[in-house]
(Lines of atoms letter the chains of each structure in order from A and count residues from 1; the text may use other names and numbers.)
(Lines give C-alpha, C1' and ligand atoms only; values in the text may rest on other atoms or scores of the structure.)
Protein backbone atom coordinates (compact mmCIF):
# COMPACT_ATOMS: atom_id res chain seq x y z
CA UNK A 1 0.00 0.00 0.00
CA UNK A 2 1.28 3.46 -0.87
CA UNK A 3 1.85 5.84 2.12
CA UNK A 4 0.19 9.02 0.86
CA UNK A 5 1.35 11.14 3.85
CA UNK A 6 4.98 10.24 3.26
CA UNK A 7 4.84 11.05 -0.48
CA UNK A 8 3.23 14.42 0.11
CA UNK A 9 5.85 15.42 2.68
CA UNK A 10 8.76 15.22 0.21
CA UNK A 11 7.28 17.75 -2.18
CA UNK A 12 9.30 20.97 -1.99
CA UNK A 13 7.87 24.43 -1.41
CA UNK A 14 8.90 25.48 -4.91
CA UNK A 15 7.01 22.60 -6.41
CA UNK A 16 3.93 23.53 -4.36
CA UNK A 17 4.07 27.14 -5.57
CA UNK A 18 4.75 26.13 -9.17
CA UNK A 19 1.75 23.83 -9.66
CA UNK A 20 -1.98 23.96 -9.12
CA UNK A 21 -3.06 22.81 -5.65
CA UNK A 22 -4.35 19.22 -6.04
CA UNK A 23 -7.09 19.69 -3.45
CA UNK A 24 -8.34 22.84 -5.17
CA UNK A 25 -8.27 21.12 -8.56
CA UNK A 26 -10.15 18.05 -7.30
CA UNK A 27 -12.71 20.29 -5.58
CA UNK A 28 -13.27 22.29 -8.77
CA UNK A 29 -13.65 19.07 -10.77
CA UNK A 30 -16.22 17.68 -8.30
CA UNK A 31 -18.20 20.94 -8.27
CA UNK A 32 -18.12 21.04 -12.06
CA UNK A 33 -19.33 17.45 -12.29
CA UNK A 34 -22.15 18.16 -9.83
CA UNK A 35 -23.31 21.20 -11.81
CA UNK A 36 -23.18 19.25 -15.05
CA UNK A 37 -25.09 16.34 -13.45
CA UNK A 38 -27.77 18.68 -12.07
CA UNK A 39 -28.25 20.20 -15.51
CA UNK A 40 -28.57 16.77 -17.08
CA UNK A 41 -31.06 15.65 -14.41
CA UNK A 42 -33.18 18.74 -14.98
CA UNK A 43 -33.17 18.10 -18.71
CA UNK A 44 -34.03 14.44 -18.17
CA UNK A 45 -36.81 15.30 -15.73
CA UNK A 46 -38.18 17.80 -18.17
CA UNK A 47 -38.10 15.19 -20.91
CA UNK A 48 -39.79 12.64 -18.63
CA UNK A 49 -42.47 15.16 -17.76
CA UNK A 50 -43.11 15.84 -21.43
CA UNK A 51 -43.21 12.10 -22.18
CA UNK A 52 -45.58 11.43 -19.27
CA UNK A 53 -47.84 14.26 -20.40
CA UNK A 54 -47.95 12.82 -23.91
CA UNK A 55 -48.71 9.30 -22.55
CA UNK A 56 -51.45 10.74 -20.31
CA UNK A 57 -53.05 12.53 -23.25
CA UNK A 58 -52.83 9.39 -25.39
CA UNK A 59 -54.46 7.33 -22.62
CA UNK A 60 -57.23 9.88 -22.21
CA UNK A 61 -57.92 9.82 -25.95
CA UNK A 62 -57.88 6.01 -25.99
CA UNK A 63 -60.19 5.81 -22.98
CA UNK A 64 -62.54 8.30 -24.58
CA UNK A 65 -62.68 6.15 -27.71
CA UNK A 66 -63.34 3.02 -25.58
CA UNK A 67 -66.01 4.65 -23.47
CA UNK A 68 -63.85 5.49 -20.48
CA UNK A 69 -62.11 2.08 -20.17
CA UNK A 70 -65.29 0.14 -19.41
CA UNK A 71 -65.05 -1.55 -22.77
CA UNK A 72 -62.04 -3.59 -21.59
CA UNK A 73 -64.05 -5.07 -18.74
CA UNK A 74 -66.88 -5.90 -21.12
CA UNK A 75 -64.42 -7.61 -23.46
CA UNK A 76 -63.06 -9.68 -20.55
CA UNK A 77 -66.58 -10.73 -19.58
CA UNK A 78 -67.31 -11.68 -23.16
CA UNK A 79 -64.12 -13.74 -23.34
CA UNK A 80 -65.00 -15.57 -20.11
CA UNK A 81 -68.51 -16.28 -21.37
CA UNK A 82 -67.11 -17.56 -24.65
CA UNK A 83 -64.65 -19.78 -22.75
CA UNK A 84 -67.46 -21.23 -20.63
CA UNK A 85 -69.53 -21.86 -23.75
CA UNK A 86 -66.67 -23.74 -25.39
CA UNK A 87 -66.12 -25.91 -22.31
CA UNK A 88 -69.80 -26.87 -22.03
CA UNK A 89 -70.84 -30.06 -23.84
CA UNK A 90 -74.54 -30.91 -24.20
CA UNK A 91 -76.34 -34.08 -25.28
CA UNK A 92 -79.88 -35.43 -25.30
CA UNK A 93 -80.96 -38.51 -23.36
CA UNK A 94 -84.54 -39.75 -23.40
CA UNK A 95 -85.87 -36.34 -24.35
CA UNK A 96 -83.90 -34.50 -21.68
CA UNK A 97 -80.92 -32.26 -22.44
CA UNK A 98 -77.88 -32.71 -20.21
CA UNK A 99 -74.71 -30.63 -20.11
CA UNK A 100 -71.31 -30.91 -18.45
CA UNK A 101 -68.10 -28.90 -18.45
CA UNK A 102 -64.99 -30.31 -20.03
CA UNK A 103 -61.56 -29.78 -18.50
CA UNK A 104 -59.54 -26.94 -20.06
CA UNK A 105 -57.02 -29.55 -21.22
CA UNK A 106 -59.75 -31.35 -23.20
CA UNK A 107 -60.72 -28.08 -24.87
CA UNK A 108 -57.10 -27.32 -25.73
CA UNK A 109 -56.73 -30.74 -27.33
CA UNK A 110 -59.88 -30.23 -29.42
CA UNK A 111 -58.57 -26.86 -30.58
CA UNK A 112 -55.23 -28.45 -31.55
CA UNK A 113 -53.17 -26.51 -29.02
CA UNK A 114 -51.84 -29.62 -27.29
CA UNK A 115 -51.35 -33.26 -28.22
CA UNK A 116 -50.52 -36.50 -26.41
CA UNK A 117 -47.54 -38.37 -27.81
CA UNK A 118 -46.24 -41.83 -27.00
CA UNK A 119 -42.45 -41.83 -27.34
CA UNK A 120 -39.49 -44.03 -26.53
CA UNK A 121 -35.78 -43.87 -27.20
CA UNK A 122 -35.77 -44.68 -30.93
CA UNK A 123 -32.82 -42.34 -31.62
CA UNK A 124 -34.93 -39.91 -33.66
CA UNK A 125 -34.32 -36.23 -33.01
CA UNK A 126 -37.91 -35.34 -32.11
CA UNK A 127 -38.35 -38.28 -29.73
CA UNK A 128 -35.13 -37.40 -27.93
CA UNK A 129 -36.27 -33.78 -27.63
CA UNK A 130 -39.56 -34.88 -26.04
CA UNK A 131 -37.81 -37.33 -23.71
CA UNK A 132 -35.35 -34.63 -22.66
CA UNK A 133 -38.24 -32.29 -21.89
CA UNK A 134 -39.86 -35.01 -19.78
CA UNK A 135 -36.59 -35.71 -18.00
CA UNK A 136 -36.23 -32.04 -17.06
CA UNK A 137 -39.79 -31.89 -15.68
CA UNK A 138 -39.35 -35.09 -13.67
CA UNK A 139 -36.06 -33.86 -12.22
CA UNK A 140 -37.65 -30.56 -11.19
CA UNK A 141 -40.94 -31.97 -9.85
CA UNK A 142 -39.33 -34.98 -8.12
CA UNK A 143 -36.36 -33.39 -6.30
CA UNK A 144 -35.81 -36.35 -3.95
CA UNK A 145 -35.25 -38.72 -6.87
CA UNK A 146 -31.61 -38.96 -8.08
CA UNK A 147 -31.21 -37.04 -11.34
CA UNK A 148 -29.05 -39.73 -12.94
CA UNK A 149 -31.64 -42.38 -12.06
CA UNK A 150 -34.40 -40.37 -13.74
CA UNK A 151 -32.29 -39.90 -16.87
CA UNK A 152 -31.43 -43.60 -17.07
CA UNK A 153 -35.07 -44.74 -16.90
CA UNK A 154 -36.52 -42.06 -19.21
CA UNK A 155 -34.01 -42.96 -21.94
CA UNK A 156 -34.23 -46.71 -21.27
CA UNK A 157 -35.60 -48.53 -24.34
CA UNK A 158 -37.73 -50.90 -22.24
CA UNK A 159 -39.73 -47.92 -20.97
CA UNK A 160 -42.38 -45.92 -22.81
CA UNK A 161 -43.51 -42.37 -22.14
CA UNK A 162 -46.70 -40.49 -22.90
CA UNK A 163 -46.07 -36.76 -23.04
CA UNK A 164 -48.36 -33.73 -23.07
CA UNK A 165 -46.90 -31.54 -25.81
CA UNK A 166 -47.97 -27.97 -26.46
CA UNK A 167 -47.42 -27.20 -30.11
CA UNK A 168 -44.99 -26.88 -31.68
CA UNK A 169 -42.78 -28.82 -29.26
CA UNK A 170 -43.05 -27.69 -25.63
CA UNK A 171 -43.36 -30.55 -23.14
CA UNK A 172 -45.89 -29.75 -20.38
CA UNK A 173 -45.76 -33.07 -18.51
CA UNK A 174 -46.04 -36.79 -18.92
CA UNK A 175 -45.88 -40.34 -17.61
CA UNK A 176 -43.02 -42.81 -18.00
CA UNK A 177 -44.04 -46.44 -17.60
CA UNK A 178 -42.79 -49.96 -18.25
CA UNK A 179 -45.27 -52.46 -19.73
CA UNK A 180 -45.11 -56.18 -18.93
CA UNK A 181 -47.35 -57.50 -21.70
CA UNK A 182 -47.05 -61.18 -20.86
CA UNK A 183 -48.01 -60.43 -17.23
CA UNK A 184 -50.84 -58.04 -18.15
CA UNK A 185 -49.67 -55.11 -16.04
CA UNK A 186 -47.58 -51.97 -16.38
CA UNK A 187 -45.50 -50.11 -13.83
CA UNK A 188 -45.87 -46.32 -13.73
CA UNK A 189 -42.36 -45.10 -12.93
CA UNK A 190 -42.69 -41.30 -13.14
CA UNK A 191 -45.73 -39.04 -13.41
CA UNK A 192 -45.50 -35.25 -13.28
CA UNK A 193 -46.91 -32.05 -14.76
CA UNK A 194 -44.96 -28.81 -14.90
CA UNK A 195 -45.67 -26.67 -11.81
CA UNK A 196 -46.97 -23.80 -13.97
CA UNK A 197 -49.53 -26.03 -15.71
CA UNK A 198 -51.16 -27.89 -12.82
CA UNK A 199 -54.56 -26.18 -12.80
CA UNK A 200 -55.90 -27.14 -16.21
CA UNK A 201 -56.64 -30.82 -15.71
CA UNK A 202 -53.64 -32.15 -17.62
CA UNK A 203 -52.92 -34.86 -15.03
CA UNK A 204 -56.35 -36.50 -15.16
CA UNK A 205 -56.65 -36.16 -18.94
CA UNK A 206 -53.16 -37.64 -19.38
CA UNK A 207 -54.03 -40.68 -17.24
CA UNK A 208 -57.24 -41.26 -19.22
CA UNK A 209 -55.27 -41.15 -22.48
CA UNK A 210 -52.71 -43.61 -21.09
CA UNK A 211 -55.39 -46.09 -19.97
CA UNK A 212 -57.15 -46.02 -23.34
CA UNK A 213 -53.85 -46.35 -25.20
CA UNK A 214 -52.63 -49.32 -23.13
CA UNK A 215 -55.91 -51.21 -23.51
CA UNK A 216 -55.96 -50.61 -27.26
CA UNK A 217 -52.34 -51.52 -28.00
CA UNK A 218 -51.34 -54.11 -25.39
CA UNK A 219 -52.52 -56.79 -22.98
CA UNK A 220 -52.14 -54.47 -19.97
CA UNK A 221 -55.12 -54.65 -17.60
CA UNK A 222 -53.54 -53.30 -14.42
CA UNK A 223 -51.30 -50.43 -13.35
CA UNK A 224 -48.97 -50.60 -10.36
CA UNK A 225 -47.06 -47.65 -8.95
CA UNK A 226 -45.28 -46.51 -5.82
CA UNK A 227 -46.74 -43.15 -4.73
CA UNK A 228 -45.27 -40.75 -2.20
CA UNK A 229 -47.50 -38.96 0.32
CA UNK A 230 -48.07 -36.03 -2.03
CA UNK A 231 -49.18 -38.22 -4.96
CA UNK A 232 -51.56 -40.60 -3.15
CA UNK A 233 -54.48 -38.17 -3.49
CA UNK A 234 -53.95 -37.78 -7.23
CA UNK A 235 -53.75 -41.52 -7.86
CA UNK A 236 -56.88 -42.17 -5.79
CA UNK A 237 -58.80 -39.77 -8.04
CA UNK A 238 -57.55 -41.73 -11.06
CA UNK A 239 -58.93 -45.05 -9.79
CA UNK A 240 -55.92 -46.34 -7.86
CA UNK A 241 -56.20 -47.83 -4.37
CA UNK A 242 -53.92 -49.36 -1.75
CA UNK A 243 -55.55 -52.80 -1.92
CA UNK A 244 -53.38 -54.93 -4.20
CA UNK A 245 -55.52 -57.68 -5.72
CA UNK A 246 -52.90 -58.72 -8.27
CA UNK A 247 -51.09 -61.85 -7.10
CA UNK A 248 -47.59 -61.20 -5.78
CA UNK A 249 -46.14 -63.86 -8.05
CA UNK A 250 -47.16 -61.69 -11.02
CA UNK A 251 -45.33 -58.50 -10.03
CA UNK A 252 -42.91 -59.26 -7.19
CA UNK A 253 -39.33 -58.78 -8.38
CA UNK A 254 -40.40 -57.05 -11.59
CA UNK A 255 -41.20 -53.55 -10.35
CA UNK A 256 -38.88 -51.12 -8.59
CA UNK A 257 -39.38 -50.85 -4.82
CA UNK A 258 -39.12 -47.34 -3.33
CA UNK A 259 -38.50 -46.76 0.37
CA UNK A 260 -41.25 -44.64 1.94
CA UNK A 261 -43.59 -45.08 -1.03
CA UNK A 262 -47.07 -46.60 -0.99
CA UNK A 263 -47.81 -49.33 -3.52
CA UNK A 264 -51.08 -48.66 -5.36
CA UNK A 265 -53.01 -50.55 -8.03
CA UNK A 266 -55.51 -49.61 -10.72
CA UNK A 267 -57.69 -52.29 -12.33
CA UNK A 268 -58.88 -51.01 -15.68
CA UNK A 269 -62.44 -51.21 -16.97
CA UNK A 270 -63.47 -53.37 -19.95
CA UNK A 271 -62.41 -51.98 -23.35
CA UNK A 272 -66.01 -51.18 -24.32
CA UNK A 273 -65.79 -48.05 -22.13
CA UNK A 274 -63.46 -45.19 -23.04
CA UNK A 275 -61.86 -43.38 -20.13
CA UNK A 276 -61.83 -40.21 -22.21
CA UNK A 277 -65.65 -40.35 -22.22
CA UNK A 278 -65.87 -40.86 -18.44
CA UNK A 279 -67.57 -37.51 -17.77
CA UNK A 280 -70.35 -38.26 -20.25
CA UNK A 281 -70.69 -41.88 -19.06
CA UNK A 282 -71.13 -40.79 -15.44
CA UNK A 283 -73.75 -38.23 -16.45
CA UNK A 284 -75.62 -40.88 -18.45
CA UNK A 285 -75.59 -43.18 -15.43
CA UNK A 286 -76.99 -40.36 -13.29
CA UNK A 287 -79.70 -39.68 -15.88
CA UNK A 288 -80.67 -43.37 -15.99
CA UNK A 289 -80.92 -43.53 -12.18
CA UNK A 290 -83.02 -40.36 -12.07
CA UNK A 291 -85.35 -41.86 -14.66
CA UNK A 292 -85.84 -44.98 -12.51
CA UNK A 293 -86.50 -42.83 -9.44
CA UNK A 294 -89.16 -40.83 -11.29
CA UNK A 295 -91.04 -44.04 -12.08
CA UNK A 296 -91.36 -44.81 -8.36
CA UNK A 297 -91.50 -41.36 -6.80
CA UNK A 298 -93.05 -37.95 -7.37
CA UNK A 299 -90.24 -36.14 -5.60
CA UNK A 300 -89.28 -34.41 -8.85
CA UNK A 301 -92.71 -32.78 -9.20
CA UNK A 302 -92.65 -29.08 -8.26
CA UNK A 303 -96.00 -27.84 -6.96
CA UNK A 304 -97.16 -24.21 -6.67
CA UNK A 305 -96.80 -22.45 -3.34
CA UNK A 306 -99.73 -21.75 -1.00
CA UNK A 307 -101.55 -18.49 -1.68
CA UNK A 308 -103.72 -18.42 1.46
CA UNK A 309 -101.11 -16.65 3.60
CA UNK A 310 -101.09 -13.63 1.29
CA UNK A 311 -104.61 -12.72 2.47
CA UNK A 312 -104.69 -14.35 5.90
CA UNK A 313 -101.44 -14.67 7.84
CA UNK A 314 -103.15 -16.53 10.71
CA UNK A 315 -104.84 -19.12 8.53
CA UNK A 316 -105.07 -22.64 9.98
CA UNK A 317 -104.29 -25.51 7.65
CA UNK A 318 -104.91 -29.21 7.58
CA UNK A 319 -101.52 -30.30 6.20
CA UNK A 320 -102.74 -33.55 4.65
CA UNK A 321 -105.59 -31.83 2.78
CA UNK A 322 -104.43 -28.27 2.17
CA UNK A 323 -100.80 -28.85 1.14
CA UNK A 324 -100.67 -30.39 -2.36
CA UNK A 325 -98.65 -33.59 -2.62
CA UNK A 326 -98.06 -34.01 1.12
CA UNK A 327 -100.44 -36.94 1.57
CA UNK A 328 -99.13 -38.58 -1.62
CA UNK A 329 -95.62 -38.53 -0.18
CA UNK A 330 -96.76 -40.79 2.67
CA UNK A 331 -96.79 -38.12 5.37
CA UNK A 332 -98.98 -38.56 8.45
CA UNK A 333 -99.43 -36.70 11.73
CA UNK A 334 -98.00 -39.66 13.65
CA UNK A 335 -94.83 -39.49 11.59
CA UNK A 336 -94.54 -35.78 12.29
CA UNK A 337 -94.90 -36.28 16.05
CA UNK A 338 -92.37 -39.11 15.97
CA UNK A 339 -89.86 -36.97 14.07
CA UNK A 340 -90.20 -34.12 16.57
CA UNK A 341 -89.71 -36.42 19.55
CA UNK A 342 -86.12 -36.23 20.85
CA UNK A 343 -84.15 -39.40 20.24
CA UNK A 344 -82.55 -39.32 23.69
CA UNK A 345 -83.75 -38.36 27.14
CA UNK A 346 -82.79 -35.03 28.74
CA UNK A 347 -80.20 -36.67 31.02
CA UNK A 348 -78.54 -38.81 28.35
CA UNK A 349 -75.47 -36.65 27.72
CA UNK A 350 -74.60 -36.34 31.41
CA UNK A 351 -75.09 -40.07 31.99
CA UNK A 352 -72.86 -40.94 29.02
CA UNK A 353 -70.09 -38.65 30.27
CA UNK A 354 -70.32 -39.89 33.84
CA UNK A 355 -70.37 -43.57 32.83
CA UNK A 356 -67.35 -43.06 30.57
CA UNK A 357 -65.40 -41.46 33.42
CA UNK A 358 -66.37 -44.27 35.78
CA UNK A 359 -65.30 -46.91 33.26
CA UNK A 360 -61.90 -45.26 32.71
CA UNK A 361 -61.18 -44.80 36.43
CA UNK A 362 -58.23 -46.87 37.78
CA UNK A 363 -60.47 -48.45 40.44
CA UNK A 364 -63.12 -49.62 37.95
CA UNK A 365 -61.44 -52.83 36.75
CA UNK A 366 -63.33 -55.22 39.12
CA UNK A 367 -66.70 -53.85 37.94
CA UNK A 368 -66.20 -53.63 34.16
CA UNK A 369 -67.94 -56.96 33.35
CA UNK A 370 -70.33 -59.36 35.12
CA UNK A 371 -68.83 -61.64 37.77
CA UNK A 372 -67.79 -65.00 36.29
CA UNK A 373 -69.91 -67.73 37.91
CA UNK A 374 -67.24 -70.36 37.23
CA UNK A 375 -64.62 -68.37 39.13
CA UNK A 376 -66.91 -67.28 42.00
CA UNK A 377 -69.39 -70.12 42.41
CA UNK A 378 -71.59 -68.75 45.18
CA UNK A 379 -71.70 -65.11 44.05
CA UNK A 380 -75.15 -65.29 42.48
CA UNK A 381 -76.49 -67.15 45.53
CA UNK A 382 -75.54 -64.20 47.72
CA UNK A 383 -76.18 -61.33 45.28
CA UNK A 384 -79.73 -61.46 43.93
CA UNK A 385 -79.56 -58.28 41.81
CA UNK A 386 -76.14 -58.20 40.08
CA UNK A 387 -74.94 -55.17 38.14
CA UNK A 388 -71.76 -54.06 36.32
CA UNK A 389 -70.56 -51.16 34.16
CA UNK A 390 -70.92 -52.97 30.82
CA UNK A 391 -74.55 -53.78 31.62
CA UNK A 392 -75.15 -50.13 32.50
CA UNK A 393 -73.60 -49.08 29.19
CA UNK A 394 -75.88 -51.46 27.27
CA UNK A 395 -78.96 -50.20 29.11
CA UNK A 396 -77.98 -46.59 28.45
CA UNK A 397 -77.49 -47.15 24.71
CA UNK A 398 -80.88 -48.88 24.50
CA UNK A 399 -82.66 -46.03 26.33
CA UNK A 400 -83.55 -48.12 29.37
CA UNK A 401 -82.93 -45.23 31.76
CA UNK A 402 -85.96 -42.96 31.76
CA UNK A 403 -84.54 -40.86 34.59
CA UNK A 404 -81.22 -40.16 36.28
CA UNK A 405 -82.56 -41.84 39.43
CA UNK A 406 -82.60 -45.19 37.64
CA UNK A 407 -79.03 -44.69 36.43
CA UNK A 408 -77.85 -43.73 39.92
CA UNK A 409 -79.64 -46.75 41.42
CA UNK A 410 -77.71 -49.17 39.19
CA UNK A 411 -74.39 -47.44 39.89
CA UNK A 412 -74.91 -47.66 43.65
CA UNK A 413 -76.03 -51.27 43.22
CA UNK A 414 -72.55 -52.12 41.91
CA UNK A 415 -70.84 -50.65 44.97
CA UNK A 416 -73.31 -52.09 47.51
CA UNK A 417 -73.12 -55.58 45.97
CA UNK A 418 -69.33 -55.48 46.18
CA UNK A 419 -69.29 -54.39 49.79
CA UNK A 420 -71.94 -56.96 50.70
CA UNK A 421 -69.98 -59.89 49.25
CA UNK A 422 -66.39 -58.87 50.06
CA UNK A 423 -64.74 -58.14 53.38
CA UNK A 424 -63.76 -54.54 54.07
CA UNK A 425 -60.06 -55.47 54.02
CA UNK A 426 -60.15 -56.69 50.40
CA UNK A 427 -59.06 -54.74 47.34
CA UNK A 428 -62.55 -55.10 45.85
CA UNK A 429 -64.17 -53.42 48.85
CA UNK A 430 -61.67 -50.54 48.78
CA UNK A 431 -62.05 -50.05 45.02
CA UNK A 432 -65.83 -49.88 45.37
CA UNK A 433 -65.51 -47.14 47.99
CA UNK A 434 -62.99 -45.17 45.88
CA UNK A 435 -65.11 -45.36 42.74
CA UNK A 436 -68.30 -44.39 44.58
CA UNK A 437 -66.54 -41.38 46.10
CA UNK A 438 -65.31 -40.36 42.64
CA UNK A 439 -68.86 -40.64 41.25
CA UNK A 440 -70.36 -38.59 44.09
CA UNK A 441 -67.80 -35.83 43.57
CA UNK A 442 -68.62 -35.66 39.85
CA UNK A 443 -72.34 -35.41 40.58
CA UNK A 444 -71.72 -32.83 43.30
CA UNK A 445 -69.75 -30.66 40.86
CA UNK A 446 -72.79 -30.46 38.58
CA UNK A 447 -75.29 -27.85 39.77
CA UNK A 448 -78.07 -29.53 37.79
CA UNK A 449 -77.56 -32.98 39.35
CA UNK A 450 -76.08 -32.34 42.79
CA UNK A 451 -79.49 -32.55 44.49
CA UNK A 452 -79.71 -36.26 43.57
CA UNK A 453 -77.14 -37.01 46.27
CA UNK A 454 -79.57 -35.86 48.95
CA UNK A 455 -82.18 -38.43 47.97
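Cβ atoms here come from the backbone N, Cα and C positions, even for glycine.
If you look up Swiss-Prot, you'll see 1-88 marked as region 'Disordered'.
Feature annotation from Swiss-Prot assigns compositional bias 'Basic and acidic residues' to 16-29.
Summarising the annotation, Swiss-Prot assigns compositional bias 'Acidic residues' to 60-82.
According to DSSP, residue 187 (site 'Important for catalytic activity') is assigned to a strand segment. If you look up Swiss-Prot, you'll see 187 marked as site 'Important for catalytic activity', on the strength of similarity to another entry.
Around the Cβ of residue 199 (acetyl-CoA binding site), 8 further Cβ atoms fall within 10 Å across all displayed protein chains. Residues or ranges marked as acetyl-CoA binding site by Swiss-Prot: 191, 192, 193, 198, 199, 200, 201, 202, 203, 204, 230, 231, 232, 233.
The feature domain 'Bromo' is assigned by Swiss-Prot to 342-446, with sequence analysis given as support. Averaged across the domain 'Bromo' (342-446), pLDDT in this predicted model comes to 93.
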Integer Cα-Cα distance in angstrom, residue 199 (acetyl-CoA binding site) to residue 187 (site 'Important for catalytic activity'):
26
Hey, does DSSP put residue 199 (acetyl-CoA binding site) in a helix, a strand, or just coil?
coil
Out of 191, 232, which of the binding-site residues is least crowded by other Cβ atoms within 10 Å?
232
Largest CA-to-CA spread of acetyl-CoA binders 191, 192, 193, 198, 199, 200, 201, 202, 203, 204, 230, 231, 232, 233, angstrom:
19
Cα distance, residue 187 (site 'Important for catalytic activity') to residue 193 (acetyl-CoA binding site), nearest Å?
18
Which residues, sitting 6 or more apart from residue 203 (acetyl-CoA binding site) on the same chain, put a CB under 8 Å from its CB?
173, 191, 193, 234, 238
